[in-house]
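Asks: This is the feature table in TrEMBL:
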DOMAIN    38-492  domain 'Amino acid permease/ SLC12A'
TRANSMEM  41-60  transmembrane segment
TRANSMEM  120-142  transmembrane segment
TRANSMEM  148-169  transmembrane segment
TRANSMEM  181-200  transmembrane segment
TRANSMEM  261-280  transmembrane segment
TRANSMEM  292-310  transmembrane segment
TRANSMEM  316-341  transmembrane segment
TRANSMEM  361-382  transmembrane segment
TRANSMEM  388-411  transmembrane segment
TRANSMEM  432-454  transmembrane segment
TRANSMEM  466-487  transmembrane segment
């Protein structure tokens, strides 16, 4: 017994060492260099963006202080269920490409194909949009310098952060996200003090909830409209699922990141919306002017800081929002390269994109993504921007489709896990409220996707252009699904035939039991050094 106990302590110590030291790498594999702090900030930073800093003001104007609060609470619940579903999947099967691959394995190969290319396209367009925003934000300080120069400078920074190592991306995203988190925390604290009369020489209390039209402006229609805006604001949370494929210790880091991020996101978003509704009137005319170079001057964050007497707020928030733009672009490049690399590894993209640098970077994936983002960026300068605006609308809805893919994959995964006789106690992370969680999230996603274009039906005459731009992403997804299914003759995978173990943590741990002297890194096979 003493020998066994001693041997167990030795094995535990070697496992702990493997958690701390970088895992050895081999050519042709992604490197697992993302730590827990990276994972947490990637998920948190991917959510806090221009949707919160700017679009939240439009949400307040659309539905009033109570309406926007109800909407954000509902979306927070939806995001909670989506993230717990992703947490269970990504911890059991931590692979790069994550929920896109889950769609192929747990639902239908054609579903995963369509999901992957839709998600890839949405982030390429998002990167292009961030380039446009970067130029506008810097032009706020330097109005006489062409914005396109700053946009290309922003692209150069994003590419540099992604071109050398995944750790470089992780470190950059950590500090970008930390800046955004601090801005939100400061906003909430100062906002509470201002609302209570501690700053700004006025006590607001709930007076803005009692003005005519408040607290529910536009009634249920206002809540639905805000629901859509708030849903877009939360997009990007799922980035942690793709990053799980390069986590140094997915069994420990992914569940911790999920648990921490879920509650922080809810706290930050709900706290921000409450403070905003207390201090800013929903009918403030400045909230309807969130566009162009001067948009930062009417950001709800800026308005609250100005109410506190903080005159440099405009410049400070411009810097914070510029950081947000760089963060979104940085994450977008990372996600696109990993998705395209996974598609190539699965034979769904040219094999050229399988190639990695010595640092484990899919360099050709990065190159193609950069070129496509630059082309879409160029479309924003053509004519009256109709093509570019359609691309933006198309990409936005695709984020909701990705969330639906996560919920559906989790529902199928759990059913297959039970049908094949596995014990739920063996899962490294279990999502709460299954099956209610993924089903409820799917219902809300359908409401968001089909409700975001309802204005096309309320205008007279019927607005066909508005209808098409709102819903075109749905037929695009179905066409991709149908073409792949027809060409490859795929089928809906029966529960008992779903592959649950290939690449899973359980499979890796069983491999270690066969050779107890070997501590195998999660992304490689044993080498001569191990033996």
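Note that the numbers count up from 1, one per residue, in the order the chain is shown.
Glycine too: its Cβ is placed from the backbone N, Cα and C atoms.
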Asks: Taking 181-200, 316-341, 432-454 as candidates, which has the most Cβ pairs under 8 Å with the transmembrane segment (148-169)?
Replies: 316-341
Asks: By a Cβ-Cβ criterion of under 8 Å, what residues six or more beyond either terminus of the transmembrane segment (466-487) are in contact with it?
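Replies: Residues 108-111, 113-115, 117-118, 389-390, 393-395, 397-398, 401, 449-450, 452-453, 455-457, 459 contact the transmembrane segment (466-487) from elsewhere in the chain.
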Asks: Can you tell me the mean pLDDT for the domain 'Amino acid permease/ SLC12A' (38-492)?
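Replies: So the average pLDDT across the domain 'Amino acid permease/ SLC12A' (38-492) works out to 84.
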